[in-house]
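Let me begin by presenting the structure, written as structure tokens, before commenting on it.
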Amino acid sequence: MINIENIQQHTPMMQQYLGLKAENPEILLFYRMGDFYELFYDDARKASQLLDISLTKRGQSAGNPIPMAGVPYHAIEGYLAKLIQLGESAAICEQVGDPATSKGPVERKVIRIITPGTVSDEALLSERQDNLIAAVYHDGRRFGYGTMDIGSGRFFINQFDKEETLLAELQRTNPAELLYPESFAFLQHVEGRRGLRRRPEWEFELGTARKLLCQQFGTQDLVGFGVDKSETALCAAGCLMQYVKDTQRTALPHIRSVRLEQPDHAVIMDAATRRNLELTQNLAGGYENTLAEVLDRTATPMGSRLLKRWIHQPIRDRVILKGRQSTIKELIEQNLYDELGALLRQVGDVERVLARLALRSARPRDLTRLRQAFAQLPELQRLLADNRHEAVQQLAERASTFPELLSLLERAVMEVPPVLIRDGGVIRDGFNQELDELRDLANGATASLVRIEEREKALTGINTLKVGYNRVHGFYIEVSRANSHLVPAHYIRRQTLKNNERYIIDELKKYEDKVLTAQAQALALEKRLYEELLDTLLPHLGDLQESASALAELDVLANLAERAETLDYRCPTLIDEDQILIEAGRHPVVEQVMSDPFIANPIRLERERRMLIITGPNMGGKSTYMRQTALIVLLAHIGAFVPADSAHIGPIDRIFTRIGASDDLASGRSTFMVEMTETANILNNATARSLVLMDEIGRGTSTYDGLSLAWACAEQLASKIGAYTLFATHYFELTRLPELMSGLANVHLDAVEHGDTIAFMHAVQEGAASRSYGLQVAALAGVPKSVINQARHKLAELESATPLATGEVRPASIPLLPQSHPVVDELEAVRPDELTPRQALDLVYRLKQML
């Protein structure tokens, strides 16, 4: 630990360090010393472990050795990238004073703070994934949740009542950094995440949030953004804005608005559904064999990020969806998607370049990327000029051209500039007369030095005499020691080497001062011109962001057109009737990884057929069939074409899945508890317009308990909720449900035995399966034959003895728990604080009649 109580006991340099560290106590401080960034004390110990760098000790301060670790200044980006991946933050401290005029340590300042959620440096970001920072707040009644993408300026807020929704939002947005108040009572939902930041309560104060946001947007109030009444969400947004301002230490002109996300505008998916459908991450945590991997052939990183946002937030607005479908169809019919893709590949990641421009951290090569993008826009306009499709024209208009800015960048910036402005050589020759003159003076040194060298050779008669330069001693005349007796008296010795002597003369010293002054002046002028370039671009930021947004959307639509043509997808029909009708549907991911042809299957769900009881052997394809239905419905709700011969899809508000489970050891929940929690979420939140996938409910407990729960869940979904439901089960007793209730049907996936082998047909057929083929699957898995034979004998015994096999059990009547009285059910559903006196009186009379 650092003791700063007696700071005067420390050396002046360590006093400076400790003062800066006190301003940034919770993050690693990289302190510039010469060609290294140094870390001291606890920071050094922590960095040595995280970055695998040496921990040493240097001298003493306040009587104690100083633990120290360091990294070369030119390699800092690689170390920062590693820290960001680990969820850590860093403060970069640079020398800002002039060593020549400084008394004591050179003045240093923290010039930037890098955190996982606010990083904008290209080298520290994954280019095809959003990098979000989020804040969560709970006011005792509801949650407020805000997200910001500093790389694009997108700023969203949301508020909701349920913990399940918080989990779903965290799964959907996957923030790199999450801010939460000190009193946050739901830490169990965020523990284990990287980038957690606990913030003081006052940062979530509503009045402060309103003031901060109004200052940022230059408005009197927040009414125009439609967020004024969302007070809990605004508390989270205020903390978010304050944190970003504190870390960036500059204006944020690209953050121009905040939007309230409306749950009723989206097809809602909980965390389990996103995980089970493997949208952008597979069950093992990777990217391979996900929906995004199959769909994403976008030409630009910003298009790739937009596609993933669409996948994670399917929408219900039929006008927008049909507009996307129509645009995709147009790009296919006019064969435009390939040419568009080729042009857009030259555009690159304009969105993040503009963010760095707004933050004034844009590097010279960012400007060349902008120049390259601007150069493609006229060609893109020509490509789309003759197209009369309304949506295509609107996108073309939004992706406007910027000829003046293109001309400026072509005149101002070198074709291939260096990485950093501090290296010079960024501004093109001919752009500024004063800069050209200074460069001529600095670059003319070679010719002048040759002239001086030839003259001195002639005057001294020393043919081996050389004029040279190094950074330590400047310009010099070098003479071999053997010829040193020939050196004139006005030569002043500057350096003695083993075999040579180095001298200086007045003319060379004056020329050195002149050249070095010209170089310094040229670099200072070049930096000023570069800043002026940024100043010229910044007023166009809003238009540039709008153009980047249109280019990203055009990229996604062209990509979806290419995917539809390449993968044989068809345009789904969005209908108003309660129906899901898919002909020859396919799983978009499984069909790409299979070596054998994929067996396409139909599905029909409608008012009189809202639940399918699905039976069949393990490995028969039940889960694939269920998931493909959900993915086809999801694709239809991002406006994409779908893997099917045809699809008619009615209104959907939510997609739920209860497929597979594992222990949640961190929360102390068993597999069965996880299964029941997910099931409860479905039963409490599904509606008649929800799509529900239920796979093997009840298998984590005893046969009778599991069967009873499965039966009751199926009844609830079918009769009370009326959701579109695919209910896969090994409880063959459930196949009796269609006989007992309306709106249900049996389907099955069959298999055929050939001697000791089994062939799975993968084709969905009407009716219930005749058997499960469990022993055959066990044999395929390599279970020893002796075990299989013993299992066959046991199966025969059970089939002859158990009432389950003979159909004698009526699962709905199995007494698991005491059946509650209707009056108790009614009372449990009552919310007393929400009842008017009249409603309370009516309730009393209603309860009395129920006794």
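Glycine too: its Cβ is placed from the backbone N, Cα and C atoms.
Listed in Swiss-Prot:
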{"type": "BINDING", "residues": "Gly616, Pro617, Asn618, Met619, Gly620, Gly621, Lys622, Ser623", "note": "ATP binding site"}
Gly616, Pro617, Asn618, Met619, Gly620, Gly621, Lys622, Ser623 excluded, remaining Cβ within 8 Å of their centroid (ATP): Leu749, Phe760
For the binding-site residues Pro617, Lys622, the one whose C-beta sees the most other C-beta atoms within 10 angstroms: Lys622
Those binding-site residues listed as Asn618, Ser623, and which of them has the most Cβ atoms within 10 Å of its own Cβ: Ser623
Long-range Cβ environment of Met619 (ATP binding site), under 8 Å and at least 6 residues apart: Phe760, Val777, Leu780
Cβ neighbour count (within 10 Å, all chains shown) around Gly616 (ATP binding site): 28
